[in-house]
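Novice: Take this structure first; my questions come after.
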Amino acid sequence: MVVTTSARGGGGDRTPSRRRGCGLAPAGAAALLAGASCLCYGRSLQGEFVHDDVWAIVNNPDVRPGAPLRWGIFTNDFWGKGMAENTSHKSYRPLCVLTFKLNIFLTGMNPFYFHAVNIILHCLVTLVLMYTCDKTVFKNRGLAFVTALLFAVHPIHTEAVAGIVGRADVLACLLFLLAFLSYNRSLDQGCVGGSFPSTVSPFFLLLSLFLGTCAMLVKETGITVFGVCLVYDLFSLSNKQDKSSNGALCPRSPQQPGSPQPSSLPGHPHRENGKQQRFPHKGAWGGCHSPLPPEPKSSGFPVSPRAVWSMMRFLTYSYLLAFNVWLLLAPVTLCYDWQVGSIPLVETIWDMRNLATIFLAVVMALLSLHCLAAFKRLEHKEVLVGLLFLVFPFIPASNLFFRVGFVVAERVLYMPSMGYCILFVHGLSKLCTWLNRCGATTLIVSTVLLLLLFSWKTVKQNEIWLSRESLFRSGVQTLPHNAKVHYNYANFLKDQGRNKEAIYHYRTALKLYPRHASALNNLGTLTRDTAEAKMYYQRALQLHPQHNRALFNLGNLLKSQEKKEEAITLLKDSIKYGPEFADAYSSLASLLAEQERFKEAEEIYQTGIKNCPDSSDLHNNYGVFLVDTGLPEKAVAHYQQAIKLSPSHHVAMVNLGRLYRSLGENSMAEEWYKRALQVAHKAEILSPLGALYYNTGRYEEALQIYQEAAALQPSQRELRLALAQVLAVMGQTKEAEKMTNHIVSEETGCLECYRLLSAIYSKQENHDKALDAIDKALQLKPKDPKVISELFFTKGNQLREQNLLDKAFESYRVAVQLNPDQAQAWMNMGGIQHIKGKYVSARAYYERALQLVPDSKLLKENLAKLDRLEKRLQEVREKDQT
């Protein structure tokens, strides 16, 4: 800790000494600052994409991998939506988006490198701030170093640095400072009398304009650097001359302590919240408890409710100024989201919190008056610059002049905190001047302890930002009365399958904010009782009639209840109010396809792909539709597009594999199945690959695949049944029998188990048991006539093996009655009649079978045998007649 002090003496108020030397070389100071920044934020390198990062990077069509570099970046907002769209956040930050794109181009979607860039930028801002304070504020390297050190470790910066989307604030701040320094460099710092400072370096002036424009394109509030430069000019207009000891006026060197202090006014960042569209609130007022009161039904009130509401809003917003200052002074309670009940409304002038507002107003007024008085005496420019740095960047976020989409946002304090740090260090320096040596030492030790405490708090805050779970859980712990944090944590728990916990937090959110339509909607999705779920969806729609997800969920619920026309209406409304909601297109098109309204379904899919071109699920579902409607070649392109949009879309890969399998391209099918397994080693991917191996006679590979699948999902009956079937084909009938009987013991109504047991017993030549298994299957009374036909056909085969030809014939006859296309049964009936010497009926059965399978060689051979027999019989008859 290096603080310059001067001895007390007569003559009243003294300023701190302006000595340049502080015992610390610039390189050493820079190294210490960079080291402190890295130590505080190094933990964030292990973090993942959390909160707004998901919407700004992972789900942003302008940023995510595979998305081409297009001009849309300069026409879309920070989240990838067109600036002209009603749903756009109107946050225009194309250069920040380009840095995300560059990150992905160089290092992929690894969050480590995103966090590394943020830390590097924070280090650079800290170093440039030290340089700015050294050259234009304190003109004292020691004080500049302490200011930058306080800035480097302040916990309020955690959201801006540890949260990847905070790069907009950090990078804009860096460009802001560089633009201001360039502008300062372009001015004539010499004596200019009563005129504006003249420009001596057009290059630095143009550079300042360029850097300021870049700051604006990184984050909108970067434009305020131009206003800062104008204010700097205004304060540079007067007092450019200093009185010498003999009263003469002389030009003042830029390095003189009394020179006017340029003020760097970083632009105020506009907080973005990627989840705002999933949570209804009215701008900044959304963080307060009370909704807008209704208009009075009578005019008997002495004071208009509108006037009362305006007063409440003014008092609350004024208090929020004091609250933000308190976060800078004592960053004890920090949270990623301060909306929906975090800060109750200041409803009356008697609210004790108004004292904080009044105190802040008095302090700011006194400081301003002090600045004006000191400015005329060419003293205490640090206070002036500190106030400008603190106040100007925060004006856009104050809600006093226009509304912004948040109540309190920690990352918007990144730039204003520079002013706080300057004022803090200046005050520390003044106190050291006034105190004796013992008091000054105590103050310095206390400041060191404060810096250590801030550093510890910053490290702990970084741990909170490591994952979605830790971030959302911390919100619930920090602000348990905030409905939004309960809602966000419930969403995370829902995604993790922890439904009971999710339901609890959704209900807590509703207790705190009963008008939370999205919480009602999500609660409905977790409710098993359809009547209760329907009630939640309807309540959500009462609160928000255009809630497209509630319309979607209610439509799907009615679809499951066979109320298809009502479902279609709701799904169409969901699309109407959420034209970029891809799931609604898929659900509506699927419902229309079920009703064989294929043309309408096709139109819905086409419209959906037009409005949601980046939806991989929509392309995949359209591919399924095309396969079902007999257009497999066209489906290939959409499956491939789904995979292109989402390289980890294993469902599309499996569907593409199945399609190639149906087209007979087994090698391509196998390739896509294996690619899907590289993405996700799941049983539902192993199963079709095992079926491919089984159906192509590669039984050893099929056995291995099914064993892996059964190990992943040992409770899934179909996988164990398929494994038993492979074992039976490979001759391991005992093991297959044991496995199948075990499944039957768990589920006595397993029809396929009895069919497989029949095949196993038949392979063991135990036809009695095989016949018994088929009879048990028939006792289950399956509803599908084709399945019953197959069972009677199998029963006929077992009876035929036992030489019970009449009973076998009867079973075959029942089989063809249920399924006249059962060619094998017709042929077997012909064979029985053939054996029994009933050649005429045998021929009739053979010919019926041949109509179904005209290329059957076996049938043709049997008919040829029958022809020869009939010819011999004819010859015998002719001989007998002669």
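First residue shown is number 1, and so on along the chain.
Glycine residues also receive a Cβ, built from the backbone N, Cα and C atoms like all the rest.
Annotations for this protein, taken from Swiss-Prot, read as follows:
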type: TOPO_DOM; residues: 1-20; note: topological domain 'Cytoplasmic'
type: TRANSMEM; residues: 21-41; note: transmembrane segment
type: TOPO_DOM; residues: 42-110; note: topological domain 'Extracellular'
type: TRANSMEM; residues: 111-131; note: transmembrane segment
type: TOPO_DOM; residues: 132-137; note: topological domain 'Cytoplasmic'
type: TRANSMEM; residues: 138-157; note: transmembrane segment
type: TRANSMEM; residues: 161-181; note: transmembrane segment
type: TOPO_DOM; residues: 182-197; note: topological domain 'Cytoplasmic'
type: TRANSMEM; residues: 198-218; note: transmembrane segment
type: TRANSMEM; residues: 222-238; note: transmembrane segment
type: TOPO_DOM; residues: 239-313; note: topological domain 'Cytoplasmic'
type: COMPBIAS; residues: 251-267; note: compositional bias 'Low complexity'
type: TRANSMEM; residues: 314-334; note: transmembrane segment
type: TOPO_DOM; residues: 335-354; note: topological domain 'Extracellular'
type: TRANSMEM; residues: 355-375; note: transmembrane segment
type: TOPO_DOM; residues: 376-381; note: topological domain 'Cytoplasmic'
type: TRANSMEM; residues: 382-402; note: transmembrane segment
type: TRANSMEM; residues: 404-424; note: transmembrane segment
type: TOPO_DOM; residues: 425-438; note: topological domain 'Cytoplasmic'
type: TRANSMEM; residues: 439-459; note: transmembrane segment
type: TOPO_DOM; residues: 460-882; note: topological domain 'Extracellular'
type: REPEAT; residues: 483-516; note: repeat 'TPR 1'
type: REPEAT; residues: 517-547; note: repeat 'TPR 2'
type: REPEAT; residues: 548-581; note: repeat 'TPR 3'
type: REPEAT; residues: 683-716; note: repeat 'TPR 7'
type: REPEAT; residues: 823-856; note: repeat 'TPR 10'
Novice: Looking at 111-131, 138-157, 198-218, 314-334, 355-375, which one has the highest count of Cβ pairs under 8 angstroms to the transmembrane segment (382-402)?
Specialist: 355-375
Novice: Is it true that the transmembrane segment (21-41) and the transmembrane segment (198-218) have 3 or more Cβ pairs under 8 Å, skipping pairs fewer than 6 apart in sequence?
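Specialist: They do not touch: fewer than three Cβ pairs between the two stretches lie under 8 Å.
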Novice: Below 8 Å between Cβ atoms, which of the listed ranges 111-131, 138-157, 161-181, 355-375, 439-459 makes the most pairs with the transmembrane segment (314-334)?
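Specialist: Looking only at 111-131, 138-157, 161-181, 355-375, 439-459, the most contacts with the transmembrane segment (314-334) come from 355-375.
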Novice: Sequence gap of 6 or more, Cβ distance under 8 Å, 3 or more pairs: do the transmembrane segment (198-218) and the transmembrane segment (161-181) meet that?
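Specialist: Yes, the transmembrane segment (198-218) and the transmembrane segment (161-181) are in contact.
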Novice: Considering only Cβ pairs under 8 Å, which range in 111-131, 138-157, 161-181, 355-375 makes the most contacts with the transmembrane segment (439-459)?
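Specialist: By the under-8 Å Cβ criterion, the transmembrane segment (439-459) pairs most with 138-157.
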Novice: From the DSSP assignment alone, can you count helix, strand and coil residues within the topological domain 'Extracellular' (335-354)?
Specialist: 2 helix, 0 strand, 18 coil
Novice: Sort out the residues at least 6 away from either end of the transmembrane segment (161-181), same chain, that have Cβ-Cβ distances under 8 Å to it, and list them.
Specialist: 41, 44, 47, 49-53, 56-57, 78, 93, 95-96, 99-100, 111, 114-115, 117-119, 121-122, 124-125, 128-129, 131-132, 135-136, 208-209, 211-212, 214-215, 218-219, 221-222, 224-225, 228-229, 232, 262, 264-267, 269, 272, 274, 336, 411-412, 414-415, 418, 461-462, 465
Novice: Near the topological domain 'Cytoplasmic' (132-137), which same-chain residues lie under 8 Å Cβ to Cβ, leaving out any that are not at least 6 residues past its ends?
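Specialist: For the topological domain 'Cytoplasmic' (132-137), the nonlocal Cβ contacts are 143-144, 147-148, 177, 180-181, 184, 261-262, 264, 381-382, 385-386, 422.
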Novice: Under 8 Å, at least 3 Cβ pairs, sequence separation 6 or more: does that hold for the transmembrane segment (138-157) versus the transmembrane segment (355-375)?
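Specialist: No, the transmembrane segment (138-157) and the transmembrane segment (355-375) are not in contact.
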Novice: Can you give me the average pLDDT across the topological domain 'Cytoplasmic' (425-438), rounded to a whole number?
Specialist: 89
